[in-house]
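Copied from TrEMBL, the annotated features are:
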BINDING   D:ARG48, D:LYS54  NADP(+) binding site
BINDING   D:ARG125, D:SER126, D:SER127, D:ASN237, D:ALA238, D:GLY286, D:LYS301, D:PRO302, D:THR303, D:SER304, D:SER305, D:ARG327  FMN binding site
There are 4 protein chains.
Amino acid sequence: MSFNTFGHLFRFTTWGESHGPAIGAVVDGCPPGLAIDEGMIQPFLDARRPGQSKFTTQRQEPDQVRILSGVFEGRTTGTPISLMIENVDQRSKDYSDVALAYRPGHADYAYDAKYGFRDYRGGGRSSARETASRVAAGAVARLVIPEVTIRAYVSEIGGDMIDPGNFDEAEIGENPFFCPDPAAAKRWEKIVDDARLNGSSVGAVVECYARGVPAGWGAPLYGKLDADLAAAMMGINAVKGVEIGDGFAAARLTGEGNADPMRPPVETGPDGAPEFLANHAGGIAGGISTGQPVTCRVAFKPTSSILTPQQTITRDGQATEMFTKGRHDPCVGIRGVPVVEAMMALVLADHKLRHRGQCG
Amino acid sequence: MSFNTFGHLFRFTTWGESHGPAIGAVVDGCPPGLAIDEGMIQPFLDARRPGQSKFTTQRQEPDQVRILSGVFEGRTTGTPISLMIENVDQRSKDYSDVALAYRPGHADYAYDAKYGFRDYRGGGRSSARETASRVAAGAVARLVIPEVTIRAYVSEIGGDMIDPGNFDEAEIGENPFFCPDPAAAKRWEKIVDDARLNGSSVGAVVECYARGVPAGWGAPLYGKLDADLAAAMMGINAVKGVEIGDGFAAARLTGEGNADPMRPPVETGPDGAPEFLANHAGGIAGGISTGQPVTCRVAFKPTSSILTPQQTITRDGQATEMFTKGRHDPCVGIRGVPVVEAMMALVLADHKLRHRGQCG
Amino acid sequence: MSFNTFGHLFRFTTWGESHGPAIGAVVDGCPPGLAIDEGMIQPFLDARRPGQSKFTTQRQEPDQVRILSGVFEGRTTGTPISLMIENVDQRSKDYSDVALAYRPGHADYAYDAKYGFRDYRGGGRSSARETASRVAAGAVARLVIPEVTIRAYVSEIGGDMIDPGNFDEAEIGENPFFCPDPAAAKRWEKIVDDARLNGSSVGAVVECYARGVPAGWGAPLYGKLDADLAAAMMGINAVKGVEIGDGFAAARLTGEGNADPMRPPVETGPDGAPEFLANHAGGIAGGISTGQPVTCRVAFKPTSSILTPQQTITRDGQATEMFTKGRHDPCVGIRGVPVVEAMMALVLADHKLRHRGQCG
Amino acid sequence: MSFNTFGHLFRFTTWGESHGPAIGAVVDGCPPGLAIDEGMIQPFLDARRPGQSKFTTQRQEPDQVRILSGVFEGRTTGTPISLMIENVDQRSKDYSDVALAYRPGHADYAYDAKYGFRDYRGGGRSSARETASRVAAGAVARLVIPEVTIRAYVSEIGGDMIDPGNFDEAEIGENPFFCPDPAAAKRWEKIVDDARLNGSSVGAVVECYARGVPAGWGAPLYGKLDADLAAAMMGINAVKGVEIGDGFAAARLTGEGNADPMRPPVETGPDGAPEFLANHAGGIAGGISTGQPVTCRVAFKPTSSILTPQQTITRDGQATEMFTKGRHDPCVGIRGVPVVEAMMALVLADHKLRHRGQCG
């Protein structure tokens, strides 16, 4: 069984493979009356678009989004919004080796085990290309939560972390790594370029925060805001770990060290919300937002597409060796930044509507 | 909106608060014909039961489970299985302070922000007591996946890790910490006891593996096995981080270092499955199981219930200080072990059925 | 796969068999802060309770409902509401014939074909007893929609219809048939009593209206209010047909005859709603409520439990004859009235919340 | 909230309005490995296509379907199948009257009440054009259930019924009414043509059966096969009533008259299924298929688009009169036949997979 829909009230369903004619998403449950046009979606796709620097894959895709339904006179109608992105740069390539054997670390073997069959061209459905659909859907989600500001950035590449003291939000858009620390960005140029030149790859950590989320979104159990965020982030290709707030570091704290004390606001905030003296919790307590920034960290593995030959087996079980030909990201985490933002927006839009739906 | 159901084909819905008459779970979608009785559920509840050592809360609950439906002549009928556990030790206590002010780090403030109202007795619905329902449901899930062996254990308490070289599965049941390293268990006695005596608390990391999962469970996107595991684990009270396989450590590896090469099995395994030379992926590639052990790591924060007074606000916005009275776990992660196992079983049972459902 | 949950935002899950220790429902998604106690649920169960006249089954069940969770200080908390009804009158009986052969018209053969196994005592899960859980859940649903008045009644028994000219809502509660026409009620006494004395059974039609539903609940496609009502009603045991508004009679009208013209309200109604000059549509257009009364008609077949022996087969495929022993309803449609009302309430409560959830 | 997805394991989501660039459906959960191409979908769209006789709307749409994803080398891959149909004949037309006032009997007023806003061109999302998406999805569903034969036909137009004695399945495709009785088809020519010439409309009843459904599909409660069919059929535009088996007629029978006795098969059938001596139940007992043909009847109202002016109100509440300009079906039920077949296929495909999913 495949299940390509995410969300409860604000839902999206994606479709498409990297080498088919197009990919897309159907956004269902979007409230009516929101101003929207393709120009409000395109910038997010442009941020995710490959081929913009030597640090990402050289596949060239314009990634032009078209809105096929759900919009009338520049506003959402409340009916499904169909978004389509045509595939353009499906470079003719010889995939016979991928057809015959399983690339280690990729989903090839697992797909065949599940379906007995796979579209082996460019990873098919499991290609990172699918994330363009999420980014398009996420742009719609942002319209539902105008009170929220979402920002993601890379905090670590190949084990080299940013210096929190250098954090400058304005720098994020100023380098090809979505890096808020210019010094780190400088160092990463060499790390990523070395990986690229060696046909190797490196992992990365992406951090994301959402400011302006009011207290009260989420639910105590199962419909938890943090559980839904975890699923959203772990569902991104190449992600292997998710943290909310302090994450694994919280496991090393004492109760005192992990406390998020509150006091009355010095100046009365929105709804008289309290002032928090810390945010170890990442803005979520008991599955419900507290009004603090919602924060998460996401670990991207190094892509398995490398030039070093590795042991593997053919479809009929024989030993062989494989390496990855073709254009690939030396650090997939970089282009994960707009995807992480999109998933954050999609989860928050859903929970905003779910919170409204509860009121009797 | 609350949403207390988990799973697609094998689903469970839990209900109940710590100070109501009972808690429970309804398991729906369980296949028919499985041998079951209360004796097959009780041992898992006993493992989670509080009050078994000085290292966990002293609340005394027999946690006797009753099967109220869905079973006939000792076998599941395919209809909903209603499981109920009566609350016994609802010690009469003065909750007036919790009613009037918000315990920092707890869900109190978030609940009031969401619902305008909360059951303040013992945490109400957000109490760790609810996890007994999950453990009971998880015991049913195990019956659906007899081919799978699930084991969880504590690998770190208060920042003190086990030595992988000392790992001995047989030790897990031999100490009050579910610790596979006897030397670490010895050290943890002091760590946890100190926290208890100081009215403090410490965090923990729980690791879990599932052996015997065949290749092919899961789905490439959104219905991913790892995304569902992430939601399941992050949905456990006090959890702040989830890793699959190498998790965040993978972000520090190169593509070569993170590779999981395959070769033909030395001796023909089940279904001629390949032999993997590493398992950085934690048994999941592209959202689908590979046939290797499925592994995850889960970070539990230190409980926020501590004796040190902390700044907080009252329901009407005034500054105050609070500390936690009553019986609490100095390290909630310990009793998280059976819960992590239960969630692993619940996710795998669901995906086994989903995989079967796909076959045309 | 069984799937015992109904609804999207306001959901309920039922469990239990007629001969187990109890039956019940978990209501999830109920808004917080609603005043509730068992006394607000019990009257609806009492209306459905068997054994109140000679025209319904003589099984004697007090059907006392207990609230096990989700309520604090007399108000809903927004968490799951667990409702339990103990089974009392499980008269010891010989079910060996039902175990060995399939009662025609019952679900016996279909259950065995599906599950390979069934709880044959009193119909097990397919017993009409399960509808008590729905009635209890429906009573909670009514609290969510205080603006709506729901009333169902029997309009036809054994082919004998009420005279619309005699319709008197006040009469519905004054006879054992929920009949709004006293003359028809008089005639039905003989029809039903004859069926009872002959060990036969008769069918019935139940009609239901909901007044006070504002315009705008529902959705244009798939989430249609009428589609959800159809599923809700067809899901009641013994129901074989559902009509909204004029139903099948509309298929015999012309466009002119089926028109529901509108005009400005003579006196300004709520929200300046128009005045409709007819209601062929049953208060729903394009899947969305129009502000008129929502009306439906539901056909109940005669129960298959009759004394006349019928041809059937045994579990091992041999020809045999069976008749139904034990206590049964000569006209199950009568006790269907509170169930139809409950399902109407459950669907409307869900759609009220869904409508709120859409607002951006 | 809109909710445009139908089904649990075999799901489809439709999108698109009559006057947008395209409409379509995403089919998710389709098993892998099924042979498929556009030529297997197109014939069903051709059967639904308007403009094929003077008895249906003169809108001319080629309704060419394109498969955009989910298929590789002529077989389904198990990933989402995106189907798109471009809108071609969006005749430029003056919709200013529909923008300003509400067409009675249409969803115009309800849409505005719900969304505060609507796409008034040609009915927008509520246009019957959307059913092309369902027919395309239904064609995919048929591939999942090759063992089942589905056939629908019109049994009644404008109150004029077929003579069951004249029933000839071979005639269904031989006339523009999908009528199995040639004599009735002859009479209907005049009925429908008169309605067309008078700018009026007539209702219709569509009947549908599915042969070859094995015993065991469905579930006892809520996931009932008949409840899902009822939702599927009532969700078709203009449908106001649904019956399974004898439907409302069953309410007029006695238990003896409604019995479906069984006997051992004269010749051993598949799985030794019994021979039924009647099929009042329409092939479903207790929500589960019995192995008999699954039968249902669906009532279509006359379209509300007629030339006779009717009282209505403008968007700002003033009295006015309206009649429908443009091209419309004098009897929408006729083109409902392929849609009813599609919905039957979609429900059965879903339940086949759900039944498989249950097996432990």
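Glycine too: its Cβ is placed from the backbone N, Cα and C atoms.
TrEMBL does not curate its annotations; it predicts them automatically.
Closeness to chain C is evaluated for the binding-site residues D:ARG48, D:LYS54, D:ARG125, D:SER127, D:ALA238, D:THR303 by Cβ distance, with values under 8 Å counted; counted residues in sequence order are D:ARG125, D:THR303. Of the listed binding-site residues, namely D:ARG48, D:ARG125, the sparsest Cβ surroundings within 10 Å are found at D:ARG48. With respect to their backbone Cα atoms, D:SER127 (FMN binding site) and D:ARG48 (NADP(+) binding site) stand 14 Å from each other. In sequence order, the binding-site residues near chain A, meaning those of D:ARG48, D:ARG125, D:ALA238, D:SER305 whose CB lies under 8 Å from a CB of that chain, are D:ARG125.
Listed binding-site residues: D:LYS54, D:SER127, D:ALA238, D:LYS301. The one with the lowest count of other Cβ atoms within 10 Å of its Cβ is D:LYS54. In sequence order, D:SER201, D:ALA238, D:HIS328, D:ASP329, D:PRO330, D:CYS331, D:VAL332 are the residues near D:THR303 (FMN binding site), counting only same-chain partners six or more apart with C-beta under 8 A. The distance from the Cα of D:LYS301 (FMN binding site) to the Cα of D:ARG48 (NADP(+) binding site) comes to 18 Å. Each residue contributes its Cα atom, and for D:LYS54 (NADP(+) binding site) and D:SER305 (FMN binding site) these two points are 16 Å apart. Counted within 10 Å of its Cβ, the other Cβ atoms near D:SER305 (FMN binding site) come to 22, all protein chains included.
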